[in-house]
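Take a look at the structure below.
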Amino acid sequence: MKKKYYISISLLMTIIVLVFDQVSKWLITISMKVGDSYEIIPNFLNITSHRNNGAAWGILSGKMLFFYIITIIILIVLVIFYIKEAQFNLFMQVAISLLFAGALGNFIDRVLHGEVVDFIDTNIFGYDFPIFNIADSSLTIGVIFVIIALIKDAIINKKEV
């Protein structure tokens, strides 16, 4: 019988992402100055110490109150979505846990430091992508998983009609 909620898996996923996110950011802040960069994979991956007080690409830079309010709303909405829409669906619960962990990881940075620590610096197919962190990766993967889960549900529901 399928469980309604996989709370232990969801909590474990959230905690693992948060720990990796916060520890990696702490290591960057104690070992690198802002702007320092180390090439890991030539022309593809650098570790670059960067701070961001906005969103991706510096959008809404300095609008901390906005980010505090929006993040709290998003975290509440994610909990409600988890309870109401993710019942019996482990994949959706993992997706929401990734979203929650990513949002919370960057929220912690904003509250404690007034900015987010970014350090993953990639060059993908010649495009110098904005520098990001593990929380951002968790958010991106969570969004992709939610889309996959919604498409899968739509296909299953269409077959049942």
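Each residue, glycine too, has its Cβ placed from N, Cα and C.
Outside the transmembrane segment (9-29) by six or more residues, the chain places 47, 49, 82, 90, 93-94, 96-98, 100-102, 104-105, 108-109, 117, 119, 133-135, 138 with a CB less than 8 A from a CB of the stretch. According to Swiss-Prot, the transmembrane segment annotation covers 9-29 (among others).
Positions annotated as transmembrane segment by Swiss-Prot: 63-83 (among others).
What Swiss-Prot lists as transmembrane segment is 88-108 (among others), and the listing cites sequence analysis. Beyond its flanks by at least six residues, the transmembrane segment (88-108) meets 2-6, 9-11, 13-15, 17-18, 21-22, 67-68, 71-72, 74-75, 78-79, 81-82, 116, 133-143, 145-146, 148-149, 152-153 of its own chain at Cβ-Cβ distances under 8 Å.
The active site annotation in Swiss-Prot covers Asp118 (among others). DSSP assigns Asp118 (active site) to a strand.
The transmembrane segment annotation in Swiss-Prot covers 131-151 (among others).
Residues or ranges marked as active site by Swiss-Prot: Asp136 (among others). Taking all protein chains in view, 21 other C-beta atoms sit within 10 angstroms of the C-beta of Asp136 (active site).
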Set of same-chain residues at least 6 away whose C-beta sits under 8 angstroms from Asp118 (active site): Thr48, His50, Arg51, Asn52, Pro130, Ile131, Phe132, Asn133, Asp136
Who are the long-range neighbours of the transmembrane segment (131-151) in its own chain, taking Cβ under 8 Å and residues 6 or more past its ends? 17, 20-21, 24-25, 48, 50, 52, 56, 89, 91-92, 94-106, 109, 116-121
